[in-house]
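Enquirer: For reference, the structure I am asking about is given below.
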């Protein structure tokens, strides 16, 4: 067993010197274990990951926990292998940290449980599967305009407080109830309270038995926040490759992965690139995203919340992620301010699955007509603001009336928000969604008040709400 000594501590980055000829490999895990000898010292059980070889038999490492109490001269042991974590059935219903240690107070994982390294190559080109199958979410705006692909990568883009985490929680709820497969939730750099709430909600709903969770909260050093994504992905890969399962991987929040990388990048001695991000941003993102894919054995469908700093989509962090995604769901602050939830922008959200050969001709035509109507309404808004509705042609007035009904009908109540809104959530099958919007476009509901279309599920609910108001249907 190779031993070394700590020679420098710079926050989360630690330099370790080894004997000549015994340098550990990149990504190897190193251990520091120290028992306090007096009240001024603290017990230390720290894992480091080798990031750089500096020369002169010295390596630069990233700490996977706080470096409080670490001093120069402490002994370091090379484990001879990368960080590994438990995988398989023993991980379901449990919550782990980046090292695969349980943090849910439910007892230890069996010592003989299989452990896989978190650093692994992406599947080979010939192993990949190329069939396209739609994943129904029960959320109208997504299923109609930016449908998700089974085994695809989906990004939920939005600034602070527009509903990314709530949307992810609703997707977990809907897909777990309808799809019933195995889910992995990787939460990093986000609020501990949200993770705790999510765990207890999943426990109460019974979904937790089919879910493995791994957390690296925002109070932790950048090391665990940077590696938790790989830890969660390793859990998902086992179920895909060894059991042939279709796995759902939820990531909240992808931006924090990049942010943690930029925190340690300068300390590792790298020259920062645009906006202070690490120069290896595209490489790190590619290494993560290329492992999330479908193979002949099974699939991993990943749904990733991605924070957009200051609502700027040209920021390098969200911009680098775009090229890897099959579908994007863009959350718009203006829609949230109008009380339209989920605040998904129907014109900015995209999906490569929105094609007639994949979703069918009727679905495609209805979706495109909805987008055309909303786009025309957007163009007319400046005229309306200056001259008012009276100056519009009869045709444009009709477009505006229908567009407003469509805009409101794209909203719906969520199951996971029921405790806040007091309104029951709704799951709408794709066929019902397409039928509802088709009938609105055909003018079947032009006579109903537009506010009745807000926060409902199926189109029949609009009719019932209008009847309750005394409107003739």
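Heads up, the Cβ atoms here are built off N, Cα and C, so glycines get one too.
What Swiss-Prot records for this protein is below:
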| type | residues | note |
| --- | --- | --- |
| BINDING | 158, 159, 160, 161, 162, 163, 164, 165 | ATP binding site |
Enquirer: Helix, strand or coil: which one is residue 162 (ATP binding site) in, per DSSP?
Expert: coil
Enquirer: Specify all same-chain residues, apart from the site residues 158, 159, 160, 161, 162, 163, 164, 165, whose Cβ lies within 8 angstroms of the center of the Cβ atoms of the ATP site, ordered by sequence.
Expert: 307, 331, 336
Enquirer: Which of these binding-site residues has the least crowded Cβ, counting other Cβ atoms within 10 Å: 158, 159, 161, 163?
Expert: 161
Enquirer: As a test of the contact definition, list every same-chain residue at least 6 positions from residue 160 (ATP binding site) whose Cβ is closer than 8 Å to its Cβ.
Expert: 307
Enquirer: Once near-sequence residues are set aside, which residues in the chain of residue 164 (ATP binding site), 6 or more away, have Cβ atoms under 8 Å from its Cβ?
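Expert: Listed in sequence order, they are 156, 158, 252, 253, 305, 306, 307, 331.
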